[in-house]
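Over in TrEMBL, the protein carries these features:
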- 1-30: signal peptide (SIGNAL)
- 468-493: transmembrane segment (TRANSMEM)
- 470-717: domain 'G-protein coupled receptors family 3 profile' (DOMAIN)
- 500-520: transmembrane segment (TRANSMEM)
- 540-558: transmembrane segment (TRANSMEM)
- 579-601: transmembrane segment (TRANSMEM)
- 621-640: transmembrane segment (TRANSMEM)
- 661-682: transmembrane segment (TRANSMEM)
- 688-709: transmembrane segment (TRANSMEM)
Amino acid sequence: MHKIALWPWLAIAWRWRIVIMLSLLAQSWCAGSALSSGSRTSAGSDGPEADGPRATLAGAYSERQPGSVPAEEAVEDSLQTIHDIATENLGALCLTKLYSPLKITLNPERYTGARQKADLAAVVLQDVGVSRHNGLLDALAKGLLSDAHVTSARILSINATDGLLTNSVWWNKEPGGMGAPLRIEAEGIAIGTKPDPTYPWFEDESSSPGLRSPKFTPPPPNIAYRGWWTYPYYSCGQKKWILSYSVAIPPMGRHGIRGFLSIDIDISDLQVNQCNNPNRFEILSYNQHLRQYYPFVRNLKLGEDEQLRQIEAFHGSHKCHVHSMRCEYRPVVTSVISGAAPLTMSLSNGTGLASLAAASSASSSSASHGINGTLGGAIGPSVLVAAGTPLQTVINGWTRGAYQCRCKDGYYSFRHPDGFNGSIMEVAYQEYRDNISAYYKEVFVCVRCALGCATCTGPEPCLASYNWAFRTTLLTFSVMCAGFTVVLALYMYQHRKVKVFKVASPIFLTITLLGCAFMYLEMAAIFPILDTYACIATKWTRHMGFCVTYTALLMKTWRVSLTYRVKSAHKVKLTDKQLLQWMVPILLVMFIYLGTWTLSAPPTAEKIEDQYGLIFKQCSYNWWDHSLAIGEVLFLAWGIRVCYNVRNAESLYNEAKLISYAIYNIALVNTTMVAFHLFIFPQAGPDIKYLLGFIRTQLSTSVTIALVFGPKVLRILRGQGDQWDQRARKRGITASFSLNGIGLVPEETADLYQENEELKKFRNSLLKLNS
């Protein structure tokens with residue numbers, strides 16, 4: 001009786017135990033890495049993958065890096081392939097070739113877990129050999145199907161000498177993931193033959209060492225793994241878009257059996273988004289940072305999974321006119337299913353531009369609901385939807401032209417207000433490139449809005465028109481008025497020694513005319529189309545002119561008020577110099593306020609609309625304006641109180657009363673014009689507002705000049721400038737006393753005896769009047 005050696009069986013059992021443990025470890029590890037898709041490095045740097053045929057490359061992976069960016073022709077060819085597969089509904093294409101690869105690179109980040117499992121299985125097979133354990137191949141292949149994305153797994157044993165197959169295993173997952181895996185017996189991997197070279201996932205390592213073949217994409221620069229990713233391709237047999245990962249397993253010796261492992265990943269759920277996607281890297285970098293410092297966080301930021309499902313190579317390949325249109329991605333909704341049983345939807349349409357002009361409006365309307373219309377609405381391969389869901393939307397992401405071209409702000413399309421269907425733009429661009437038609441450049445365009453329109457729906461103007469002839473007339477009259485004040489100042493200087501001007505303080509009259517000239521020049525500041533500089537000039541001329549003019553007048557009236565209220569028999573002397581000392585701080589406060597306003601927050605011209613919706617610019621109003629308005633109201637209130645106090649005071653040439661009328665007038669005019677702007681003409685156009693400004697200037701400034709200077713000039717023209725008015729003579733008011741009340745103190749000061757005599761005469765006259 002022969003003794004059976006136990007050590008070979010123990011060695012086999014021990015190896016199986018190692019394989020099972022490694023498989024369980026890989027499943028648990030890859031499940032975690034699949035959740036945290038931001039992890040971009042594998043464990044190969046610490047494990048056996050570091051010994052593989054590929055070394056880790058530095059840098060961040062991106063399909064759009066220099067040197068790896070697919071050329072425009074490759075993208076266009078890939079889009080054409082997608083369109084052909086969709087529109088021909090697997091017809092002529094699948095009769096000539098079973099696989100239709102694209103020419104673009106896909107980011108495999110979503111499938112890191114499946115790749116790591118395949119690499120681990122390749123390491124196990126390299127250690128134990130691909131030909132020693134027949135059951136091991138089946139176990140590993142079916143184990144790879146446990147990944148949710150993997151639909152097929154295959155392991156080949158190839159004679160390293162002649163390249164013939166010695167063994168093969170091919171397992172497919174049931175559609176929908178239901179049921180047990182199915183083993184496939186394909187003619188292309190029959191035992192004793194060479195594998196079919198037309199398979200997109202296979203390459204003979206003897207002819208392409210290291211699997212460096214055009215079938216496989218260039219490696220991402222920051223991930224180390226053993227195998228190669230294929231280009232995305234369409235499988236006519238499975239009717240799916242597939243991405244395969246293949247690993248070459250070296251033989252144990254120079255002439256042994258080498259292995260080949262490959263998995264297929266169903267990428268039919270990816271989306272061909274041809275629009276730009278500027279938010280992708282912001283979303284992904286945020287989540288990568290989050291997981292780096294908080295590894296326990298597994299939730300994806302809103303939108304990250306959607307970003308990973310989009311094929312980056314197609315971003316920016318839309319045919320919208322970039323200068324006038326914006327692209328909006330519209331996934332193609334094939335149906336909304338009320339779940340009772342599994343249902344497969346497959347639709348297809350195709351068109352040219354023969355009927356494009358007539359039906360484009362209806363097509364763009366249907367596209368606004370995310371459904372491609374009859375014009376180029378190509379629906380791709382069928383999508384299987386499992387039952388059990390009350391309502392489920394079926395979206396086909398593999399569609400060219402699944403977007404909408406909308407006009408940017410400032411542009412419009414009269415015939416297509418809702419935008420242009422992306423399928424239309426694709427066909428129009430193709431015909432334009434082939435010199436078939438010029439619809440793309442002539443019809444399917446957005447037209448610039450009228451000048452000044454932020455948005456529009458037609459060529460109607462958005463800016464209010466300016467009647468420049470009318471405005472020029474008002475401006476000319478206002479400038480003439482400003483020039484008149486200068487002439488009046490020179491006239492007053494020429495007659496400065498005439499009593500009617502001399503007793504009224506010529507220096508304050510000159511300051512008043514200077515302020516009036518500033519107020520007139522406001523019409524020049526608001527004459528053009530307003531901007532920041534015009535608004536600054538408007539605030540300065542309006543408020544500084546107001547402050548200079550009416551401060552000078554109120555100083556004169558205040559002097560009359562103080563003199564009138566004195567009960568003492570002695571004179572109260574307030575000289576012009578003393579009044580100027582009170583006036584300068586007021587003007588300085590206004591100057592500092594306006595200067596601070598100009599330097600810190602200068603007023604700007606903001607756009608407003610008139611009653612017809614037309615846009616024009618008006619100077620902004622904020623708390624700076626409101627604070628200054630409150631200050632001016634309080635200033636006028638004080639002025640009205642001073643004028644009320646001197647209502648019965650006697651003054652030479654009745655000047656105090658005329659100044660009071662001017663103060664009452666400016667208060668009434670400002671109040672009335674504010675009411676006009678706010679309540680009567682709240683949406684007036686630019687010309688009406690300019691007219692209101694002209695009326696306010698004339699009613700305030702011109703009336704003030706007429707009240708203060710009109711009687712004086714009239715007396716000089718009549719030759720009565722050096723005569724006292726009849727009322728002063730009748731009341732016995734002498735020149736010396738009058739100068740103390742309303743005018744300049746004369747250069748020659750009266751002696752004490754003369755003053756006492758004048759006071760006695762004044763008292764006697766008052767006693768006679770009272771009796």
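Here, residue 1 is simply the first one shown, and the rest follow in order.
Just so it is clear, glycine is given a Cβ too, placed from its N, Cα and C backbone atoms.
Automatic, uncurated: that is what TrEMBL annotation is.
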**Complete:** Beyond a gap of at least 6 residues from its ends, the CB atoms lying under 8 Å from the transmembrane segment (579-601) belong to 505, 507-508, 511, 536, 539-540, 543-544, 547-548, 551-552, 555-556, 558-559, 622, 624, 628
**Message:** With a cut-off of 8 Å between Cβ atoms, can you find at least three pairs linking the transmembrane segment (500-520) to the transmembrane segment (468-493)? Only pairs 6 or more residues apart in sequence count.
**Reply:** yes
**Request:** Verify whether three or more Cβ pairs under 8 angstroms connect the transmembrane segment (468-493) with the transmembrane segment (688-709), leaving out any pair fewer than 6 apart in sequence.
**Result:** yes
**Request:** Give me the mean pLDDT over the domain 'G-protein coupled receptors family 3 profile' (470-717), rounded to a whole number.
**Result:** 86
